[in-house]
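S.K.: Quick paste of what TrEMBL says about this protein:
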BINDING   27, 30, 162  Zn(2+) binding site
Ligand SMILES: [Zn+2]
């Protein structure tokens, strides 16, 4: 398929002005944790939201004891299980177009930096960036998103699959500007963003968790063994030092419940709770509590896709927060 999107076909109404947002994430759960509220908001507002996940997350640590047998050193059945978790998460977010890069299982989770799994043929860290980029470029030419979201160059926190997701997404944006091998028309994305979170926002979130604990909220979470408590801001992916480094702030607090539900759908990876005040928080397999925010932050990509033109911070109130809409300044 080349230019037959959106539905309506060649004889239907012109593709514009439909808004199309495509997000590239490394593992199932990353989309909900870092961009879930944004995805739910744009989907609810009628944008076409496409998620491309690069691996099945086969190397994840399993939280529920009842599912521990799925782990890679036991049944090695976590990947297929996480396909189901991701599908459930997408239902919570109202996102119907979700795909795995090259199809489910094409690239395997690489595990943490330095792990022997990084050396395994077929893992995403070992993928050829041009080859994986071309698979993603095919999706870009088909869906024709104006906005592409992924991670910054360090993947947000140095995980090999997140670094690779960044490289592949940036390469795909370049490759898509040429026609596809199947004759699909070239496509240029108007904006590329890297998701991030300003340290002051995290500090406020952790302060709220500590207040909740002072008020008698139970930390650690029930169900975790060993020592638990709070994560630190440095444990969170994509931290930037201050709000001035943020180009777009998406206030999707109206969708925080959908985000929390989507995160909870990834039950092997994430535990979600709410405090007596009704604020959500979560923990990964380390059992350390983290704030769960409905406002999400994006940096405009540097390099070829970062050149300022008409859209840099022109939408929304002036000031350090910049734009409020990922489509700000995008011609429709
Ligand atoms: Zn991940």
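Here the Cβ of each residue, glycine as well, is placed from N, Cα and C on the backbone.
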S.K.: Which site among 27, 30, 162 has the most other CB atoms no more than 10 Å from its CB, taking these as binding-site residues?
M.R.: 30
S.K.: An 8 Å radius from the center of the 27, 30, 162 Cβ atoms defines the neighbourhood of the Zn(2+) site; name the other residues of that chain inside it, in order.
M.R.: 25, 26, 29, 54, 55, 57, 151, 155, 159, 161, 165
S.K.: Let me know the DSSP-derived helix, strand or coil state of residue 27 (Zn(2+) binding site), please.
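M.R.: Its secondary structure by DSSP: coil.
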S.K.: Sort residue 162 (Zn(2+) binding site) into helix, strand or coil using the DSSP assignment.
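M.R.: Residue 162 (Zn(2+) binding site) sits in a helix per DSSP.
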